[in-house]
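Undergrad: Taken from Swiss-Prot, the feature ATP binding site applies to 13, 14, 15, 16, 17, 18, 19, 20, supported by sequence analysis. Marked as domain 'Guanylate kinase-like' by Swiss-Prot: 6-184.
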């Protein structure tokens, strides 16, 4: 049994929709699925680890990487820069691993132009009230910042129509099942199975 090239999955959601929790739950039970680690200039949050959650860099370092053409995509969100290393991403796909890219709609738009074969998933909260409550429960941001994130969320959610799949994160377990189903269905595509089970297929067909 051999491996095929992995699939790139773009996953986007407004802040507070539960994207990071869903992705972590998915990869905890599916070690072959990898998550692209972006570079960012934003401050590290409590519990985050450099090189695990993000590669935390200074604005000067980020600009220098951009000048060298290191980024597949980059965007500015709430005054902070985010970017994805193209070489690291391609290496992971070539090794046969499915790879998740957690980026906003602006970054997704850039990636689709360069990698049109990528699959895209948008995650929505069940309501604006639920989204506001989740942001408040984090206990990390001021009311002013939360209000800004809510305004940004409404704008970002309008871009769901640009994505292949839509998940409503009302019940976490159900949303996780939906996410797993997307990955599983793609792994069973005929072209990927043909590569994975080439020897078996040759034997079956004589």
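Just so you know, glycine gets a Cβ as well, placed from its N, Cα and C.
What you see is a predicted model, and the numbers here were worked out from it, not measured in a lab.
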Undergrad: For the domain 'Guanylate kinase-like' (6-184), what is the mean per-residue pLDDT, to the nearest integer?
TA: 92
Undergrad: When you tally the Cβ atoms that lie within 10 Å of each candidate's Cβ, which of the binding-site residues (14, 16, 18) has the highest tally?
TA: 14
Undergrad: Return the residues near residue 20 (ATP binding site), defined as same-chain residues 6+ apart in sequence whose C-beta is under 8 angstroms from its C-beta, sorted by sequence, else 'none'.
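TA: Those within reach of residue 20 (ATP binding site), by Cβ under 8 Å and sequence separation of 6 or more, are 102.
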Undergrad: Return the count of C-beta atoms lying within 10 angstroms of the C-beta of residue 17 (ATP binding site), excluding that atom itself.
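TA: Counting Cβ neighbours of residue 17 (ATP binding site) within 10 Å gives 26.
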Undergrad: What three-state class does DSSP give residue 13 (ATP binding site)?
TA: coil
Undergrad: Taking the Cβ of residue 13 (ATP binding site) as the reference point, list residues of the same chain whose Cβ is under 8 angstroms away and which are at least six residues distant in sequence.
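TA: 19, 122, 123, 124, 169 - these are the non-local Cβ neighbours of residue 13 (ATP binding site), listed in sequence order.
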